[in-house]
Each structure stands twice: as C-alpha cells, then as structure tokens.
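*Asks:* The feature ATP binding site is assigned by Swiss-Prot to 37, 38, 39, 40, 41, 42, 43, 44, with sequence analysis given as support. Feature annotation from Swiss-Prot assigns domain 'ABC transporter' to 4-235; the stated evidence is sequence analysis.
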C-alpha cells in the first residue's frame with residue numbers, strides 16, 4: 001500500500017489548452033478516493049496521468065515515496081481496471097489472470113498462489129477454465145478485477161468500471177468493489193460520473209469542474225455543506241433547488257436567515273422542504289406558495305414538481321404516495337438549519 005500525492009499538477013495540449021489546472025491532492029495509504037464530475041471535467045485525464053498513460057505538463061506525482069513523473073506505467077506499481085474488460089478472448093480466465101505475471105517473469109508457484117487467492121476472494125474459482133465469451137458481464141468484470149488483484153500493486157486505479165453493466169448489476173458490483181478494497185486495504189482511485197457510485201463507495205470525494213478541484217471531503221460533508229453552487233447541484237438527486245435574489249412575493253427567506261449584502265443564491269434540498277398545513281407557523285428558513293404541476297411516485301416516496309407564483313420550478317419530496325392533486329396550491333417551507341446560502345461568486349457563505 002502507498003499514498004498518492006499530486007502537487008500542482010497541470011496538463012496542457014498544444015501549449016495553450018489547459019485541461020488540468022493545478023490540481024493538488026493527497027490520497028492516504030489505504031484510502032478509497034472517488035474522482036467525480038461531469039463529462040469533460042478532467043477526471044479520466046487525471047487518472048491516466050497517475051497511471052502514466054498521459055504525460056504531465058508540470059507539477060509532480062508521487063506514489064509512495066517515489067516521484068513517478070518520468071516512470072513508465074509498468075514500473076509505477078499500479079493496476080488499472082477499465083470500463084471495457086480488456087480480456088483476451090482466446091484465453092481462459094486462468095490464462096488471463098496469469099498473463100501479466102508471466103510477462104514479469106513471476107515464478108510459476110507464485111502465479112498459482114496469487115490466482116488461487118484472487119479467485120477465492122472474487123468467487124470465480126468455478127470459472128477459471130472458461131473463456132470470456134462463456135461469462136456474464138458481471139463475471140467478466142470480476143475477472144478484470146482479478147487481473148488487477150494478482151499484481152498485488154501499491155494502488156488500484158478504476159476508470160468507470162461499471163459503465164457497461166445494467167442497473168441491478170451495478171449496485172451489486174459497487175458493493176463488491178468496496179468490500180474487496182476494504183479487505184485488501186489497497187489505496188484506490190476510482191473515476192465515475194455517477195454520483196450514486198461516488199456517494200456510496202468513497203471514503204472521500206473529489207469533485208472536479210473544468211480541470212480544477214471544486215471540493216474534497218467525505219460524501220456526507222459534500223452533501224450537507226457544498227462549497228459552491230456547482231457542488232450543490234451536482235451532488236444529490238433530485239438536484240438542490242436554487243432561488244436567485246432578490247426574493248419576491250413568490251418566496252421569502254425565513255426569519256432566522258441572515259442574508260449577505262449584494263447578490264446571493266438561496267438553496268434548499270427537496271427532502272428538506274415540507275408542506276405547511278393550515279395553522280402551521282411559517283418555517284424559520286424558507287416559505288413559499290406553490291402550485292403542483294406533477295407528482296412522481298418512486299416507491300416509498302413521491303417527488304412533487306411545483307411552480308412558484310413567478311413560474312420558477314421547485315421540487316420537494318413527501319413520504320409514501322402523495323395525495324395532492326395537479327394544480328393544487330400548497331404552502332411549503334424549510335428549517336433554517338436546512339438552507340444553503342451562496343454569494344454572488346457562487347461560493348458558499350459561511351454558516
């Protein structure tokens with residue numbers, strides 16, 4: 001196991017197109033860090049730079065105590081798991097697992113020991129003599145992970161490994177990957193655009209936006225205290241409701257809210273909004289009169305899509321099956337502890 005340190009890492013193409021803009025990050029020994037962000041934010045490029053598949057323009061990357069800027073990928077003591085399984089179709093599972101080790105002149109007895117250990121951990125012992133075409137998508141992904149595990153590397157790098165799987169299998173595999181990483185204790189960097197994967201798997205999240213880091217923290221820290229409007233809207237589904245200043249007759253901040261001078265954006269998550277029944281006091285964080293436009297039942301809860309009196313959208317969640325009707329007018333509110341205030345620059349105003 002090894003820590004990974006990025007110090008002011010930059011990547012430019014053609015000398016003037018900068019895609020990674022001074023990223024500094026320390027990943028602790030044994031930590032599972034997820035790089036997350038929209039398409040084009042630089043997360044896969046950054047992972048490939050750690051792996052040595054992309055050169056860096058400036059800065060340093062260290063794995064363990066060694067600066068690896070000019071070290072070949074094969075010498076960095078890392079193992080990658082890709083979106084595409086990249087298995088040799090003419091080889092058995094056993095041969096696929098052994099291939100890289102044979103190229104490194106690993107003794108035969110050691111190869112067999114590592115294969116047996118990985119196969120047991122991944123529960124693929126019964127598939128060792130099969131070829132990839134005889135396996136399901138989930139089984140192939142386990143083999144791809146096994147090929148990384150037998151390397152016994154200092155770090156695992158995962159590049160959107162679940163993207164080709166169906167929704168049910170993705171849930172199963174993300175649990176398995178996290179369980180496996182915890183049992184092995186291997187430093188891991190995982191790239192995804194799927195916030196559900198990011199939130200459920202990460203020890204820490206790194207949210208990237210246009211080549212720079214927006215925020216680093218645990219999933220709950222980013223969810224409860226987003227550092228910017230970008231993070232607030234990217235983390236969480238449905239997305240956080242955002243209302244621009246100045247407030248109007250359509251909505252009002254509560255009596256317990258202190259607003260910054262100048263422009264601001266007021267945020268509240270769908271699950272923090274409640275319907276105020278007749279006779280309720282106004283909520284101390286946020287109040288609005290809304291018209292219900294649509295109701296989505298998603299099993300144990302319903303999402304209500306509504307409109308403020310000025311036409312701006314608002315979405316909120318209620319438990320179970322909603323009994324409210326389309327075009328019904330309701331008053332909603334939120335507590336002061338559940339609202340988020342962002343300044344004119346889009347950054348969070350200190351609580």
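Going from the start of the chain as shown, residues are counted 1 onward.
Backbone N, Cα and C atoms are what each Cβ position is placed from, and that goes for glycine too.
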*Asks:* Just how many other Cβ atoms lie inside 10 Å of the Cβ on residue 39 (ATP binding site)?
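*Replies:* For residue 39 (ATP binding site), the count of other Cβ atoms within 10 Å is 7.
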*Asks:* Within 10 Å of the Cβ of residue 37 (ATP binding site), how many other Cβ atoms can be counted across all chains shown?
*Replies:* 27
*Asks:* Quick check: with 37, 38, 39, 40, 41, 42, 43, 44 left out, which same-chain residues have Cβ atoms within 8 Å of the centroid of the ATP site Cβ atoms?
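*Replies:* Nearby residues not in the site list: 193, 208.
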*Asks:* Return the average pLDDT for the domain 'ABC transporter' (4-235) as a whole number.
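*Replies:* The predicted confidence over the domain 'ABC transporter' (4-235), as a mean pLDDT, is 92.
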*Asks:* Show which residues of the chain containing residue 41 (ATP binding site), separated from it by at least 6 in sequence, have their CB under 8 Å from its CB.
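*Replies:* Set apart from residue 41 (ATP binding site) by at least 6 residues yet with Cβ under 8 Å, we have 208, 209, 210, 211.
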*Asks:* Using Cβ atoms only, which residues of the same chain lie under 8 Å from residue 43 (ATP binding site) while being at least 6 residues apart in sequence?
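*Replies:* Listed in sequence order, they are 35, 36, 37, 191, 193, 208.
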